[in-house]
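Chemist: Under the heading region 'Disordered', Swiss-Prot lists 1-90, 406-434. What Swiss-Prot records for 57-77, 420-434 is compositional bias 'Low complexity'. Among the features that Swiss-Prot reports, domain 'PPM-type phosphatase' is placed at 113-470, with the record citing sequence analysis. As annotated by Swiss-Prot, Mn(2+) 1 binding site applies to Asp152, Gly153, with the evidence given as similarity to another entry. Positions annotated as Mn(2+) 2 binding site by Swiss-Prot: Asp152, Asp387, Asp461.
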Amino acid sequence: MVMASAGVNMPGGDGDHPPAAAQECHRLRRRRYVPAAAAASEDGDNSSNGGGEKRSLPASSASPSPSPTSSAASSDCSSDRDDDGCSSTAGAAARRLPLPSGASTAAAVWPVAFGSVSLAGRMRDMEDAVSLRPSFCTWLDGSPMHFFAVFDGHGGPHVSALCREQMHVIVAEEMVAEAAALRQRQPAAMEEEEEERAVAGGAVAELRPGGRAGGGGVRVRARHRAGVPCPLSGQTGAIIGSTAVVALLVRDRLVVSNCGDSRAVLCRAGDPLPLSSDHKGLNPSLSWRGTRVALARGTWGDKTGQSVGPAALLLSGGAHPDRPDEKARIEAVGGRVVYLNGPRVRGILAMSRALGDKYLKPEVICEPDITITVRTVDDECLILASDGMWDVISNETASDVARQCLEDGSPTSGRRAARSGEAASSSAGAPAAAVGQESEPRCYRAAALLARLALGRESSDNISVVVIDLKGRG
């Protein structure tokens, strides 16, 4: 007769084993289920108490496999644990082993490499700024968050330079504050009510790995907060401003925020997918070297002909001054849109949204457009650039050039292309390229070739390009 107790089979005195063998069996089984230190103390207690009452084993104790040197008696008496609430050996071992951290998992599944180039081009002053901040902040589960941005200043470089130094700091502070609030949020049943109140008070974008059932999230709100003071004051400080296109990468989410006419384009399965809309008027045509390129607002379709997003060749078409709702907003606050070489706020600024431009308040606002994209295995690269490149290069061309550079490039050819790009810039009378942090030569090569192509197509503005490789080809 076999009696089960706490998941351990205990043979009775009328079994095949004599009492001495049964006692030895019990002792060996207890050694198998009790940690080494506890087993040693138990043996001492048993010897002093003359084999007194045995201690009960906790249900969560691990049960490693018998060692090869186990005696025949122990092998005869060994058996699996019952289904009376005790876990199996594999389950107990799994609880003891630490799970892989979110950061290591994200880094292995969602690689990120980047490179950037900035050229003054045919402008006398350099007003663009690029910010590359990998792992500037951490996700709630420990995953790294990456910050990439392009700022295109106007009226001077002061606002764009200030954004380069402070924007990622402000975003990190917001992330930390929202993460702390998120840990204390109300139950999930109250989530929708909170979101409705939040939407009524400002733009809300949510980052949720794994959807609603995911293991955490961070909510980023566009808030009215005190601005970072600029060292310039008076009229000089009132007439300067900057655009901003910012990309945050965390795990399988790609968050893009845009204010102005800089742009972010994702290359997915060979097709360009614009992730931002330009906040300036759409010129009727574009020309370089005598070639006119027709532009049109609308949507671009996938290979099935279905409309899936903004126009692939859309160089503008976001919150420009002559868009009906933007024009109504500007006129509601006492401003007006004047058509002077395109629609302009008060006939001065061709954008209806930008950072700075104090003299054009409240017509020109700094509220960004935010898009959230779930990354897929088809995502190849992300391109951030100022209008110095987008004014002469279409989304499709930029996507093709960057993709081919990343697929075919090598560190040696990347450096050679970089040197040739700098030589071409110097020979054209433009300053040499200002190279950003180079974490992947192929990314730098792609950015350098795009900047060189824009320069060859007679771009008249500063040119800044950031190429982010989402495939991890290194």
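Placed from the backbone N, Cα and C atoms, the Cβ positions cover glycine too.
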Chemist: Helix, strand or coil by DSSP: which one applies to Asp461 (Mn(2+) 2 binding site)?
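Modeler: Note: Asp461 (Mn(2+) 2 binding site) is coil by DSSP, not helix or strand.
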Chemist: Can you grab the distance from Asp461 (Mn(2+) 2 binding site) over to Gly153 (Mn(2+) 1 binding site)? Cα atoms, rounded to a whole Å.
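Modeler: Spelling it out, the Cα of Asp461 (Mn(2+) 2 binding site) and the Cα of Gly153 (Mn(2+) 1 binding site) are 11 Å apart.
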Chemist: Quick check: which same-chain residues outside Asp152, Asp387, Asp461 lie with their CB within 8 A of the centre of the Mn(2+) 2 site CB atoms?
Modeler: Asp128, Thr243, Asp261, Ser262, Ser386, Gly388, Met389, Trp390, Asp391, Asn462, Ile463, Ser464
Chemist: For Gly153 (Mn(2+) 1 binding site) and Asp387 (Mn(2+) 2 binding site), determine the Cα separation and express it in whole Å.
Modeler: 11
Chemist: How many whole Å apart are the CA atoms of Asp387 (Mn(2+) 2 binding site) and Asp152 (Mn(2+) 1 binding site)?
Modeler: 8
Chemist: Let me know the DSSP-derived helix, strand or coil state of Asp387 (Mn(2+) 2 binding site), please.
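Modeler: Reduced to three states, the DSSP call for Asp387 (Mn(2+) 2 binding site) is helix.
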Chemist: For Asp152 (Mn(2+) 1 binding site), what residues in its own chain, 6 or more apart in sequence, show a Cβ-Cβ distance under 8 Å?
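Modeler: Glu127, Asp128, Ser160, Ser242, Thr243, Gly260, Asp261, Ser262, Ser386, Asp387, Gly388, Asp461, Asn462, Ser464 - these are the non-local Cβ neighbours of Asp152 (Mn(2+) 1 binding site), listed in sequence order.
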Chemist: Give me the count of other Cβ atoms within 10 A of the Cβ belonging to Asp461 (Mn(2+) 2 binding site).
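Modeler: A 10 Å sphere around the Cβ of Asp461 (Mn(2+) 2 binding site) contains 22 other Cβ atoms.
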Chemist: Between 0 and 100, where does the mean pLDDT of the domain 'PPM-type phosphatase' (113-470) sit?
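Modeler: Taking every residue of the domain 'PPM-type phosphatase' (113-470) together, the mean pLDDT is 74.
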Chemist: DSSP secondary structure for Gly153 (Mn(2+) 1 binding site), reduced to helix/strand/coil, please.
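Modeler: Looking at the DSSP assignment, Gly153 (Mn(2+) 1 binding site) belongs to a strand.
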